[in-house]
Every structure is written in C-alpha cells, then in structure tokens.
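Novice: This is the structure I have questions about; it appears just below.
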Amino acid sequence: MATTKSFLILFFMILATTSSTCAKLEEMVTVLSIDGGGIKGIIPAIILEFLEGQLQEVDNNKDARLADYFDVIGGTSTGGLLTAMITTPNENNRPFAAAKDIVPFYFEHGPHIFNYSGSIIGPMYDGKYLLQVLQEKLGETRVHQALTEVAISSFDIKTNKPVIFTKSNLAKSPELDAKMYDICYSTAAAPIYFPPHYFITHTSNGDIYEFNLVDGGVATVGDPALLSLSVATRLAQEDPAFSSIKSLDYKQMLLLSLGTGTNSEFDKTYTAQEAAKWGPLRWMLAIQQMTNAASSYMTDYYISTVFQARHSQNNYLRVQENALTGTTTEMDDASEANMELLVQVGETLLKKPVSKDSPETYEEALKRFAKLLSDRKKLRASKASY
C-alpha cells in the first residue's frame, strides 16, 4: 500500500508539471530505464544489444554506445548493474562495456554469483563473488565519472530511507559520490538472496558517512521508470542544455523502459487453499514475485496514462515479456540451459507486437527509437557548434 501511494504521489506531481508546449527534437530529454530481476537481466541485455546495433548502423559508427544518446540511464538491481556497465568509463573515457558484452558477462559470471551458499540461517548466496567481480570490472570509478546521468536506487535499512545515486545530487550531497562497485552490489542485494552491503564515504566536511544498503527494488519495486523520469525532470529544469524549457511536457521526453519479464499472464497461479498451507519463507518468495509483477504493471499503467494524456504516446516504449514460463520466471536460475532460454525469450520478444492493437513489433519500434535518438544527437551537436 505504501509503495502504491508513493507511486501515485510521484505520478500526480509529474503530471502537474506538464504543459502543452511542443519541444524541438534537439531539446528532448532521452531516458533509458532498466528493471531489476537477477539473471533475467539477460532479457533487457538482448534488447540493448539490438538497439546499440541499430544506432551504430544508423550513424555508420561501430563505436557508438548507448551512453552517447541517453541523458539519463536508470536501473534497479540487475538493471543497476547494466546501467553501470554501459556508463562507467574505461581508460579512454568510453563505456567499458558495449551492449554486446552484457550477455556473455551473465554466462561467465552468473553461475558463480548464484552459487548456493549452503547456509540455512543466512541469505541464499553469500555475495562474495558478486562483489569481487564488480570490483574487478568497475575499479575505483565513482558516480561523478559516469558518462551520462545515472539513477541507481538502493534502500538504507538503518535510516529506513531510499538512497538514489545520481550525478546531479552530488553538489548537495557529496557523500553520494560512492564507488560504482559499492552501488552495484547494494542495488542488487535482494533480501533473502544476498547480504546487505555496508560501506562508507565522506561528507563535504570530511566526516564519515555510513551506508547500510539493500536491493533498490525495495525502494522502486523493480521498475525504476518513474524514478528515472523524476531525475530527467530535474535535469530538464536545471541543465543549461535545456534552458529554453520552462516547464516539463511529456512531448519533451523520450522514454525507453526495459523489463526483465513477468509471468503475470499467469504460468504460476495460486488458490487460497494452497496458499493457506505456506510457511513464512514460501510467502516471502511468493510476495516478492507478486509484488514485482504487480508494480511493473502499475508503473507502466501510470506512465502510459500520462503520456497519452499529453498526446505523446509514441514517446514512450515499454519492452516487456508478460508470459514467462517454467525456469525463466526465476531470478536466480543461472544454469546454462535457463540462460539460453532467456536469450531466446529476448530474441523472440523483438519479433512480438508492441500491443494487441498495433502491428508494430518491438524490433520496428526500437528502430524508430534509434532513428529519433540519432537525429536528436546530430541536431544537438549541430546547435552546439554555432
């Protein structure tokens, strides 16, 4: 109930800031949002690989990267990991990972990350390998070094408040300039599955600032699209690049939201008689699955409604598989067979229609998005050269 209430408040706050002004393409704020979902992150990884390939083709540039085209990239849990991979710079100040590198990352490291710890009193996985590989891949990079604005969520169990890591917050809250590997582990530290993460940074006065963090899904319930939009709203109002924008209109937003799949067109259904026999652990696992599916649907519903109300429905694309079955519904099944199935889910999803009322496939819609992103980037570069 509290989460739904928070969504509604944010939804109406965003709606209240809109106007009827039509923005020029170069003034549009581009937003990429990636859901949480553990090993199911393979599904949005397939979508990202396709989109980045389209951008490279449209711009005839094999070095084009997603971070070159999006003003804000937000993610929760495994989506936060993907966000870091495509925005963290390498030694040449380019993203250390191309989109095509993400699926191989899951295949190489997934089985070690989701390797049952054998503990009956602690979390299912000890998290040591996950933290180790994040340290190796992301190094000492901090939030301020991200190649575009990021929005990665976590939840502090000591202060009982969400923590949002963004570049634009650093001037007011320098303690949020944490190392990317600490942030990535924290946003992925799902209760039951991984231990919470403790680390420190420093305030502007040099005082120690403590974090006690768990999965960002506790704060955003799996789908960070509303969070990403709120960060984009602030960016549009504060960044000089958008100085002509007086108030936010959804005609000025281009939002791509990627899901990790649900089984809400239910493969798994339960009866009251069946659930009455469950113990606490079974309920916790079921509630997490149900909440993620329901919140994903409601967030999509809220955002779709506001875009349609502003006659900007073509500016929002939600890419989601709503009929996962069998092992593909599990966030921690990192067997090679299941990961291959998840790849197939992502590839098949590209061929599916965006909606029952539209013949346009996700593949076609992403090509349209790629063209818009490319044109906008060129227009902005041209404007900046004058």
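The backbone N, Cα and C atoms fix where each Cβ goes, glycine too.
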Novice: From 75-79, 140-144, 260-264, which range did Swiss-Prot mark with motif 'GXSXG'?
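Specialist: Within the set 75-79, 140-144, 260-264, Swiss-Prot attaches motif 'GXSXG' to 75-79.
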Novice: Look up motif 'GXGXXG' in Swiss-Prot and report which of 36-41, 354-359 it refers to.
Specialist: 36-41
Novice: Quick one: of S77, N115, which of the recorded positions has the smallest count of other CB atoms within 10 A?
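Specialist: So among S77, N115, the recorded positions given, the one with the fewest Cβ atoms within 10 Å is N115.
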Novice: Apart from its near flanks, which chain residues at least 6 from the ends of the motif 'GXSXG' (75-79) lie with a Cβ under 8 angstroms of it?
Specialist: 33-41, 44, 150-153, 187-188, 190, 215-217, 219-220, 222-224, 227, 258, 260
Novice: Quick one: average pLDDT across the motif 'GXGXXG' (36-41), no decimals.
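Specialist: Averaging the confidence scores along the motif 'GXGXXG' (36-41) gives 95.
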